[in-house]
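Here the structure comes first, spelled out in structure tokens, and everything after it is commentary.
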Amino acid sequence: MTKFNALDLGLVVRGHGRHYIVEDSDGRRFVCHPRGKKSDCVVGDQVRWAPAGDGEGVIEAVEPRRNLLFRQDEWKTKSFAANLDQLMVLVAVEPVFSESQLTRSLIAAEQAGIATTIALNKTDLPGANAARERLAPYRAMGMHLMELALKADPQASRAQLLPWLSGKRTLVLGPSGTGKSTLINLLVPDAKAQVGDISVALNSGRHTTTTTQWYWVDPAARETALIDSPGFQEFGLHQIGPQELPLLMPDLRAHADHCKFYNCTHQHEPGCGVREAVEQGLISPTRYRIYGEILAQLTAPKRW
Ligand SMILES: Nc1nc2c(ncn2[C@@H]2O[C@H](COP(=O)(O)OP(=O)(O)OP(=O)(O)O)[C@@H](O)[C@H]2O)c(=O)[nH]1
Ligand SMILES: [Zn+2]
């Protein structure tokens, strides 16, 4: 309990630098300023806030988060969103996706305790089988996979997506060109309107592709949300300890307890269960290589 409990609860649906768009329980949106550093918030946060007139308000406190998905580059933390029910990592047959970025997203979600699905779009293209093969190790490690053709077969894609999304708050992450706009437009009929006038009023309409966007798939009931996060170049995982890293990769984790040394880094130690599994073809060499790359970053001295 805080002294702010008597205040209204609002949902942060967008951030614009130092101010945020907060939606009240009736779906009205207000431009809010946080009071002090303590109320720094991210999209998806529940906040205690008070109206300040003229469609504006003050955020007094951020409610405790269920989870927070973020990336941690060497010096900078970048939050995607909070209080998520699930994550969709959207990749496509074309452009060919980076397995390193995919793996990094999965590791961050695993650490944050957020259930993840990999969705493969553009399965109508001839490269679909090659993409499926690249995703086979992820399926084998127990990941949930979904196949889509958002543009080529919108009806089937919609029918597949809607029950999975229903009643949930789903963050969509994925590289540029995979079909995120197509996805939003397919499922959110008034997407443009939801990004809305407030952004324009703030003279920050230009930020709409560089800031996380909250969309209601069902604007009347407001129970199903898609959260669209802008693309990124780097996905740092500096929030993760080197020992923790293999435990966040299900395929490595399955073999890590066969190692001779309890603190095995799975790099060059004798009697390493992980390297044995790679040699036996039980762990994908690409995944193992990516593990080594991330580990090197996590154990390197900080650059000054
Ligand atoms: N063949 C095929 N093309 C698709 C499909 N879905 C989307 N595309 C195309 O892929 C391209 C990229 O789609 P967008 O929805 O703009 O992708 P985006 O991820 O929003 O890309 P950015 O705006 O760069 O972030 C467009 O030319 C789409 O028409 C599909 O199911 N099959
Ligand atoms: Zn080992």
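Glycine too: its Cβ is placed from the backbone N, Cα and C atoms.
Here's what TrEMBL has on this protein:
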- N121, K122, T123, D124, G174, P175, S176, G177, T178, G179, K180, S181, T182: GTP binding site (BINDING)
- C259, C264, H266, C272: Zn(2+) binding site (BINDING)
- 71-235: domain 'CP-type G' (DOMAIN)
- 82-233: domain 'EngC GTPase' (DOMAIN)
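Annotated features taken from TrEMBL, shown on the structure.
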residue	record	DSSP class
N121	GTP binding site	strand
G174	GTP binding site	coil
K180	GTP binding site	helix
C259	Zn(2+) binding site	coil
C264	Zn(2+) binding site	coil
C272	Zn(2+) binding site	coil
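If you take the C-beta of T178 (GTP binding site) and look for same-chain residues 6 or more apart in sequence within under 8 angstroms, you find L90, V91, A92, P95, F97, N121, K122. Each residue contributes its Cα atom, and for H266 (Zn(2+) binding site) and T123 (GTP binding site) these two points are 35 Å apart. The binding-site residues near ligand 2, defined by a Cβ under 6 Å from one of its atoms, do not include any of N121, T123, G174, T178, K180, T182. Residue annotation for GTP gives N121, K122, T123, D124, G174, P175, S176, G177, T178, G179, K180, S181, T182. The furthest Cα pair among them is separated by 19 Å. Surrounding the centroid of the Cβ atoms of C259, C264, H266, C272, where the record places Zn(2+), the chain contributes additional residues within 8 Å, namely A256, K260, F261, T265, Q267, E269, G271, G273, V274, R275. Taking only the Cα positions, the spacing between C264 (Zn(2+) binding site) and G174 (GTP binding site) is 32 angstrom. Each of the binding-site residues N121, T123, S176, T182 was assessed for Cβ neighbours inside 10 Å, and the highest tally belongs to N121. Counting every protein chain shown, the number of other Cβ atoms lying within 10 Å of the Cβ of K180 (GTP binding site) is 23.
Comparing C272 (Zn(2+) binding site) with G174 (GTP binding site), their Cα atoms are 34 Å apart once rounded. Checking the binding-site residues S176, K180, C259, C264, C272 against ligand 1 with a 6 Å cutoff on the Cβ atom leaves S176, K180, in sequence order.
Here the domain 'CP-type G' (71-235) has a mean pLDDT of 91 out of 100. Within the same chain, residues at least 6 positions away in sequence whose Cβ sits under 8 Å from that of C259 (Zn(2+) binding site) are H266, E269, G271, C272, G273, V274. In the structure as shown, the Cβ atom of C272 (Zn(2+) binding site) sits within 10 Å of 21 other Cβ atoms.
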